[in-house]
Structure formats: C-alpha cells, structure tokens
C-alpha cells in the first residue's frame, strides 16, 4: 500500500464520522483532499453537508467537485472538522501548516465541536519537531519578530534554522496576507511551553502547534486504519 492509498484509507474512516446535515470544517493538504473527493461522491448521491473550507485551495476543490460551501461567518459553530497533520504524537498534539493554511485551520478547528485528524502512519511521531514548525508572521517588523523567535527558542533550549518560506515568485504569502517562518528545531520536548511563548510575540500571528484541539486521530498504515483517542 503506497502513501496515497493510506491517505485514502484514513479519509474513508473519517467519513464514517460525518452525518448527513452536518456543518463541517474541511481541512487543507493532500490527505484532506482525499477526504474531499470521497465526501463529494456521497454528496452527489444526496448526502447533505455544509462545508467551511480552511483555505482557498480547499474551497476551489470543493466547488469543482460540488461540495456545498458556506463561510465561517455564515456558519460560526461547526459540528466537526476533518483535517490532516504534518505530525501527530500519542497525546494528539499536532504540527500543522505545511500547506500554509494554519491560521484558518486553527480558527475553523476552534469553532468546531470536534476535530478529527487524518494521516498516514509516517506522520505519527514520538516527539514533535522533525517536521519544521510553521510560524505565521506579519510582514511588518519581520526581522524583529525573527529575533524574538530566536530568543524564545534559546530560553527553551531549542535551536535550528529559521527559514522564511519561499514560493515561485518570492516570499510565500498566506491567504491572510502573512508570511511563514519554518523553524527547524528537530525536537520539541515541551510543545505547550513553546506554544505559550510564541503566542506572546506580537509579530507572530499564529503557529502550527495544535494542542488540545484534536479529539481523534485516524492513522492509516498497510494493515488499515487505527484510531487514537485524546486522553483528556
């Protein structure tokens, strides 16, 4: 079973948690896109949902496949969000934002009764941090914000490259008009402390640590999909 087949298995298992009539947050990324394709097949057969996308990319795919969409202002309280992750640990702490949509992903997840994470088994880790942590920053005062991030990291015993994410024509810009610094710390032993410290930096708009947000993780491997439950 290749990586895409595992993503499809995870998406299929997540779809079983979606009930007709739900207000649904729809994530961003390759695994979330497999979920959208499966959801669209059910919608074509008469299944009713109203989706709130977490990125313009997801919105375009939903429109293309016929999944009905609303804005979060139109549906400010959601039943469920299904989204992928770049890393997930056994406590269901996540690193997200590889696709650049972390701010909207976090806003939508926070507006949901439940969040289910779907991933292939390569994303399940013992300790977060091998995947570079995306930190969404305001373009104004970027150098000062970068220095503040370096100081926070040093206080917590973390070090590594802080790379301003690039796209084909310069700095990557999020749907909200911000930039992303990818912090390669290698290992984050205290994700809660780092989250709190990053939140205290004025130039940091949001970061990719999702803590106490996911209720369930569906992890797919060659033997099929298994479920991890949040212990809180």
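The backbone N, Cα and C atoms fix where each Cβ goes, glycine too.
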Joining 28, 29, 30, 31, 83, 84, 85, 86, 96, 97, 98, 99 at the substrate site recorded in Swiss-Prot, out of 9, 123, is 123
Rounded Cα distance, in Å, between residue 98 (substrate binding site) and residue 105 (active site, proton acceptor) is 11
For substrate, residues beyond 28, 29, 30, 31, 83, 84, 85, 86, 96, 97, 98, 99, 123 with C-beta within 8 angstroms of the site's Cβ centre include exactly 27, 32, 119
Whole-number Å distance separating the Cα atoms of residue 83 (substrate binding site) and residue 105 (active site, proton acceptor) is 8
Across all protein chains shown, the one of the binding-site residues 28, 30 with the most other Cβ atoms within 10 Å of its Cβ is 28
Top of the binding-site residues 96, 123 by count of other CB atoms within 10 A is 96
Per DSSP (three-state), residue 83 (substrate binding site) is strand
